[in-house]
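Colleague: My structure is below; once you've seen it, I'll send some questions.
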Amino acid sequence: MTAAKNRILELRAELDQHNYRYHVLDEPSIPDAEYDRLFHELKALEAANPELITSDSPTQRVGSAALSAFTQVRHEVPMLSLGNAFEETDMREFDRRVTEGLDLPVGDLFGGGAAVEYSCEPKLDGLAVSLLYQDGVLVRGATRGDGTTGEDISVNVRTVRNIPLKLHGTGWPATLEVRGEVFMSKAGFERLNASQLEVGGKTFANPRNAAAGSLRQLDSKITANRPLEFCCYGIGQISADIADTHIGNLKQLQVWGMPISHELKLAHGIDECLDYYRDIGERRNGLAYEIDGVVFKVNSIASQRELGFRAREPRWAIAHKFPAMEELTELLDVEFQVGRTGAVTPVARLKPVKVAGVTVANATLHNMDEVARLGLMIGDTVIIRRAGDVIPQVVQVVLERRPDNARPVQIPEQCPVCGSQVERTQLVKRSKGRETVSEGAVYRCVGRLACGAQLKQAIIHFVSRRAMDIEGLGDKSVEQLVDEGLVRSPADLYALKFDDIVDLEGFAEVSSNKLLSAIEDSKKPGLARFIYALGIPDVGEETAKVLARSLGSLERVQQALPHVLTYLPDVGLEVAHEIHSFFEDAHNQQVIEDLLKHDLQIQDQGKLGAEFAASTTLGGFLDKLHIPSVGPGGAQKLADRFGSLEGVFGADWLDMRQALPEKQANSVREFFAVEDNRLLAEAAEKQLRDFGMHWQSEKKVVEGLPLAGQTWVLTGSLELMSRDVAKDKLESLGAKVAGSVSAKTHCVVAGPGAGSKLAKANELGLKVLDEEAFVEFLSKHGILV
Ligand code: IVH
């Protein structure tokens with residue numbers, strides 16, 4: 001055997017073992033990054049030696065050429081369904097039939113009967129699949145179909161990560177048909193739908209549909225990209241018995257690499273089955289996947305054989321169902337609610353229906369894009385889904401039931417609360433220099449605080465614990481204050497008098513005084529709290545903290561231009577625009593001015609944050625201008641050559657061509673020939689200088705810098721600074737920052753969670769710094785974090 005073949009076999013065995021530990025035992029022993037490294041090593045070796053590729057290699061789970069149709073498969077042993085039980089009495093009846101069928105003593109009201117042993121498993125909500133192994137190798141995968149004939153989905157099942165392509169160990173029967181459920185976890189389903197929305201693809205109503213739609217794909221490459229999982233619950237055709245019990249069979253299959261349920265349990269008698277049902281029922285919402293009940297099976301295989309089948313159901317098993325999470329009802333109307341930022345959101349008014357024990361009469365429709373996506377009309381029959389504790393959702397329209405008088409859903413032109421105009425605002429997202437219009441069009445009432453709905457919620461947010469923390473002012477009291485006309489803006493809270501409050505419902509002398517002193521006590525908020533309390537769209541507590549920490553004063557936050565704001569960690573251009581336009585708005589300026597008039601003293605640090613100051617480099621600045629076809633590398637070259645924005649403006653063609661290739665050089669000139677672009681860049685640069693920052697105005701002489709000629713690599717997560725900042729700092733010392741480790745790498749900075757890059761650095765004996773050592777290193781070179 002060649003060395004390559006040896007290594008391939010070694011890698012496959014190792015990857016199979018890790019797959020097993022990860023998917024079957026739920027006990028991964030290596031980090032994902034290490035798995036990826038082994039996987040890529042195997043892929044590279046196979047690419048170099050294609051004759052060594054076999055169908056059971058872990059690299060072969062990527063799908064194959066699309067089929068034109070599925071071929072049919074006959075099930076040697078029919079794939080049956082299960083009888084259902086809904087009530088405890090149905091279960092006791094089942095147990096009585098089993099006990100009688102096995103000629104065991106049946107108990108009476110006082111007990112005394114035989115306790116049959118049952119296996120208990122969750123009933124996964126996916127689709128039944130048969131996997132045929134010949135001599136331990138997966139040779140065929142099939143759907144259940146009508147139970148007798150299914151579809152050959154072999155290429156698709158191969159892409160499911162936790163289905164073993166080859167059984168582990170030894171001793172398996174020559175022919176072994178494994179049966180189980182292919183399903184999608186709740187998290188996988190959410191991820192899939194989110195990414196489908198992003199690419200404008202079809203979304204799925206529930207994890208079951210998503211699993212079915214993904215598995216029954218003629219193009220198995222699509223299946224390969226879907227987060228499908230398998231769970232084995234039984235066997236079909238088999239050339240030799242495995243164990244005496246159902247649980248024994250499953251445990252043995254697990255040893256051979258088959259994923260089985262972590263919830264598999266043995267119950268002695270029906271009462272323990274009922275306990276199991278209740279226990280899983282209580283934990284149902286917290287499980288990683290959806291289940292629609294539990295399945296009980298007589299554990300002894302001999303007893304199963306004795307009991308046999310009735311019609312298409314085994315007499316030895318039953319599904320004890322949970323209340324359904326989906327129900328049909330009628331959409332009576334769509335109403336519109338106005339949120340804190342004025343967003344007008346459609347809400348479905350439904351004919352009340354019980355879903356899993358809870359009466360549902362309303363469901364959120366999120367936005368008008370969602371209404372369009374569902375193709376929803378008033379009068380439609382719809383499927384309502386209540387997954388766990390989540391707000392009920394309309395997941396599908398039953399088109400066949402659409403009445404003739406169904407009406408389209410229309411966004412109102414006037415705000416339903418204040419009558420102001422409703423405007424459509426399209427958020428603009430920029431990606432890689434190109435301008436793309438973001439998906440979700442938001443409709444907003446332009447009434448601002450003149451709109452009762454917005455005012456109430458703005459005040460509720462303003463006084464909340466994490467904002468100005470004014471205790472003693474509940475939602476109901478805010479409503480009253482607004483309805484009575486006592487509060488028309490957050491500033492009015494500071495003008496409230498004892499007499500205004502004492503007459504409010506639920507207020508008395510003591511609570512009125514308490515509230516007044518809470519209002520007084522809130523007059524010295526930290527800057528972050530104050531910014532958060534303003535309720536700027538898209539600015540949560542974290543972003544407010546970043547703004548406060550980086551810019552250091554309300555004045556700077558108010559003035560900051562979008563391009564300057566994008567220097568802050570986690571602030572993209574979209575949020576930067578939201579912040580900027582919030583403070584540009586005359587109405588908001590008035591609200592802030594009024595607040596400050598009430599002797600509000602905002603506690604700030606006054607100076608710029610160190611991280612922000614360090615993060616601005618000319619290269620980074622030019623990059624953030626998003627000059628078409630000029631990436632970060634090109635921007636850095638401009639910075640290195642010209643040293644200042646004026647330098648770039650003043651460059652002649654020859655100079656420019658020395659810095660950049662022709663296409664990029666042209667693009668830079670064209671970009672700055674547009675006056676708006678030039679002004680924008682100048683304004684942002686001027687502001688950065690006004691804020692007290694400056695970059696080297698001379699040309700940067702890389703050669704003279706301490707790390708000139710060195711290549712550094714950053715890996716893992718850094719806690720004291722973002723990766724971008726770390727990169728800028730290294731570059732400011734003259735180093736190049738690369739994405740991968742090689743023998744030419746000078747040093748690797750490895751934070752927690754570092755994986756294959758760190759491993760490789762160690763292998764190559766490179767210098768490695770943890771974050772602490774890195775910070776120390778920087779400080780030695782005069783860069784403080
Ligand atoms: S046993 C003869 N066990 O429920 C026994 N089924 O109506 C056949 N299912 O189509 C099935 N979880 O897809 C069994 N732990 C489990 C199950 C399960 C889900 C599905 C299966 C079948 C349907 C039964």
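Glycine too: its Cβ is placed from the backbone N, Cα and C atoms.
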Colleague: Besides ASP32, ALA33, GLU34, TYR35, ASP36, SER81, LEU82, GLU121, ARG144, LYS297, LYS321, which of GLU10, GLU181, GLU272 does TrEMBL list for that NAD(+) site?
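Modeller: Record source TrEMBL; matching candidate: GLU181.
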Colleague: For the NAD(+) site as recorded (ASP32, ALA33, GLU34, TYR35, ASP36, SER81, LEU82, GLU121, ARG144, GLU181, LYS297, LYS321), determine the largest distance between any two Cα atoms, in Å, rounded to the nearest integer.
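Modeller: Site span for NAD(+), by Cα atoms: 43 Å.
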Colleague: Which recorded positions among LEU82, LYS123, CYS451 have CB under 6 Å of ligand 1?
Modeller: LEU82, LYS123
Colleague: Across all the protein chains here, work out how many other Cβ atoms are within 10 Å of the Cβ of LEU82 (NAD(+) binding site).
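Modeller: Neighbour count, Cβ to Cβ under the 10 Å cut-off: 18.
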Colleague: Over the domain 'BRCT' (702-785), what is the model's average pLDDT?
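Modeller: Reported value for the domain 'BRCT' (702-785) is a mean pLDDT of 83.
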Colleague: Roughly how many Å lie between the Cα atoms of ASP32 (NAD(+) binding site) and CYS418 (Zn(2+) binding site), rounded to a whole value?
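Modeller: Cα-Cα distance, ASP32 (NAD(+) binding site) to CYS418 (Zn(2+) binding site): 54 Å.
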Colleague: Does DSSP put GLU34 (NAD(+) binding site) in a helix, in a strand, or in coil?
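Modeller: For GLU34 (NAD(+) binding site) - judged by DSSP and reduced to three states - the answer is helix.
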Colleague: How many other Cβ atoms sit within 10 Å of the Cβ of ASP36 (NAD(+) binding site)?
Modeller: 12
Colleague: If H, G and I count as helix, E and B as strand, and all else as coil, what does DSSP give for ARG144 (NAD(+) binding site)?
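Modeller: The residue in question, ARG144 (NAD(+) binding site), is coil (DSSP, three-state).
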Colleague: When DSSP states are folded down to helix, strand and coil, where does LEU82 (NAD(+) binding site) land?
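Modeller: Coil, per DSSP.
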